[in-house]
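Below is one structure; the comments refer to it alone.
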Amino acid sequence: MKRPRSRLWYDGLENTPHRVYLRAIGFTSDDFQKPLIAVVAAWSEAGPCNFNVLPGSLRVKEGVRSAGGVPLAVPTIVVNDGINMGTPGMRYSLISRELIADTIEAQVASHGFDGWVGIGGCDKTQPGIMMAMARLDLPSIYIYGGTAEHGVLDGETVTVQSAFEAVGAYLKGLIDEERLYEIEKAAMPTPGTCQGLFTANTMAILAEALGLSPLGSASPPATSSERARELARAGALAVGLVETGLTPRRILTYEAFYNAIVTLMAISGSTNAVLHLLAIAREAGVKLALDDFDEASRKVPVIAALAPAGKYTMVDLHNVGGAPVILRKLLDRGLLYGEAVTVEGVEIGKLLSKWEPRTDYNILYDFDKPYKPHAGLRILRGSLAPRGAVMKIGASGILKFKGAAKVFDSEEEAFKAIERGYVEEGDVVVVRYVGPKGAPGMPEMLKITAAIVGAGLGEKVALITDGRFSGATRGVMVGHAAPEAAVGGPIALVENGDEIVIDGEKGTLDVLLGGDELARRRDKWSPPPLPKQGLLRKYAKLVTQADEGAVTH
């Protein structure tokens, strides 16, 4: 079997000391003749999303061995997004994406691996692994650790989204503490990632659309036997990739990224996917810009009623066929590049011929009768965000909003204002200095958005920020405003009472101020100081703006 890299580390008399190290952990002479496969486990017990990744890595190793390879497990880090919402820890979420890519590069590049498998779960582990795949360009495959089962309370589906929104309902007096506690206990009955079409499940589906994951591998729940089989299959496929020499950059063409973008629009996926696809494309050397997302958003309606746009979860999608059923619909509509190659070594169009298109008008809809007549996301530009912003419209359906600004320089300020009833119907809440450099780390605003929705203001108040949104976000929400406040973007110049106009149909985002007034305010503006030390300071100095994927190189 082929061993393009490991032979350079472990063959020959001069590499005798290297073999000593592996014999110390149980290698036999036969093992040195087999492909060496890294099993990169983004594992952590600090939350449910990646809790099952370590035992899952054992399944991957079984698959590697079954195909004639030798697996070695190596770790990478995890920051659990949900647990860090609304805390200082959320600043480390997006930063962890870069750290994951960097740590994988360091480990896989330096130990002579012939190929590797990355196992992810929570939001940033997935794009971090995919960025490393593109950067290293070694035979590799991404496999998802799987979603959690949804809970049931009084016959109704509940998820972690229900818990976040219940806090807002409690603060508004709409539910009591006992009901809040019942939701807390019921919302997440098993390990796995957050259950709706939030960032983790969005990225797992997009990994299939990109061709980096086997078709059908995104939707099996984390604790299911199907998930175990998918993990083992990924290990075996990795050995095959070493043999054929198929690498990520042959898969990650512009056409593959376009397939992912139209899928994102059709499922009303997380706004975070825009950042992540831009970042992965940069690693792959593919030119991708917000204009590509804008173009796709004007062609594709939402055809899946998945939470938060609808009420169904990833497990529900799995029960009707999973991501390939949606991809087949896109292919049949002429919206997917069927000739794009996948990690299975076969064009995606040929693979999708095995899946029958399905419509039930509960979870899955048709293009002629879509769930929503527009795409899930829209790109906005204007005087408030000259380089672009991302509007999530799949959940609310509201494309236009005009109101007076209420401005906050932190998430905590905004949350306290909502808590005390300061935010009212018709307001445009502006949360700034929470961008890539400003926070730093571009934290997600789920605590605020959930409080707004829970208080019954989801479609009556708009939120604009240079930060990010959780995939669980719904309401009238515009994020990723670029340039951000910390570098002097127009969002830094907005004052309380300024009229702001959001127009998702035209794709515009404007503050109704003259150029002279903006210039006067800019003369008085000064940049905030950088963090004094550590990782946050390093990140703030290196990171690019959101329209470039918020990357560090």
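Numbers run from 1 along the shown chain.
Note that Cβ sites are derived from N, Cα and C of the backbone, with glycine treated the same way.
As recorded in Swiss-Prot, the features of this protein are as follows:
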BINDING   C49, C122, C194  [2Fe-2S] cluster binding site
BINDING   D81, D123, K124, E444  Mg(2+) binding site
MOD_RES   K124  N6-carboxylysine
ACT_SITE  S470  active site, proton acceptor
Around C49 ([2Fe-2S] cluster binding site), which of the listed recorded positions (K124, E444, S470) come within 10 Å, judging by Cα atoms? none
Cβ within 8 Å of the Mg(2+) site centroid (D81, D123, K124, E444 excluded): which residues? V79, G82, S93, L94, C122, T199, N272, R468, S470
Suppose the [2Fe-2S] cluster site is C49, C122, C194. Which further residues of the same chain have a Cβ inside 8 angstroms of that site's Cβ centroid? G47, P48, N50, N80, D81, G82, G121, D123, G192, T193, F198, A200
So if I draw a 10 Å sphere around the Cβ of D123 (Mg(2+) binding site), how many other Cβ atoms end up inside it? 34
Roughly how many Å lie between the Cα atoms of C122 ([2Fe-2S] cluster binding site) and D81 (Mg(2+) binding site), rounded to a whole value? 7
Can you grab the distance from D123 (Mg(2+) binding site) over to S470 (active site, proton acceptor)? Cα atoms, rounded to a whole Å. 9
Where does D81 (Mg(2+) binding site) sit by DSSP, helix, strand or coil? helix
List which of the binding-site residues D81, K124, C194, E444 have their Cα within 10 Å of the Cα of the residue listed as 'active site, proton acceptor', in sequence order. D81, E444
